[in-house]
């Protein structure tokens, strides 16, 4: 792999965004023990847009994504410095209630991880944990979120069946429905379609495009075609650095950084 000058970056600040900034980071650093895995990442995420995080394996994109709702807190000997700004609050502060913050910034993981419960209970579990007992409200949330996740028509007559009986693609859409049941502002997605077949992947992509009408979405993907199809903005990561951030169409046609050009053209990664 070529050596790149990591001091040269092209991070396009959204000084006049079409929509407000939903989430941003300022000089974000992540350390695993003595290893620095993320270097001074400063990015902005526009509300009601999909931003793709791309880069080779080990580039830091998933580390960065997990930082956005402090999932890295669960990893031993991990330290995060810098600011993560949400609603004018630095959610990287020790004073922030992490669990309450995650109600606003939800996450969907790479592999479907439904609970060993019914389809209905998968979606209502967190709501019930927060004290919601109104059956009518819970029923409405189940129907609404399953429709948003393009799953309602397939499961509306089997809501009491185990979620584990669903196909992989259906399970992932259930996990999306479960994530939005808490009505978050932001959805973080770590390669949500990488374990799915092409038809299921297409369905998930169509679902995400619809969901951005109501949610801000940040997605890690290794699939360049997927990033080009569904995202409005793209951030390119290399060796723990966010090197380039721009509108997706510009990133894929006129990248400013040599490393980004090599990656999107398939010369490495």
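Including glycine, each Cβ sits where the backbone N, Cα and C put it.
Record features, source Swiss-Prot:
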type: DOMAIN; residues: 23-264; note: domain 'ABC transporter'
type: BINDING; residues: 55, 56, 57, 58, 59, 60, 61, 62; note: ATP binding site
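Overlay of Swiss-Prot annotations on the structure.
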residue	record	CB count, 10 Å
55	ATP binding site	27
56	ATP binding site	17
57	ATP binding site	8
58	ATP binding site	13
59	ATP binding site	25
60	ATP binding site	23
61	ATP binding site	28
62	ATP binding site	20
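Secondary structure from DSSP puts residue 62 (ATP binding site) in a helix. What surrounds the ATP site, by Cβ distance within 8 Å of the Cβ centroid and not counting 55, 56, 57, 58, 59, 60, 61, 62, is the set 63, 237, 238 from the same chain.
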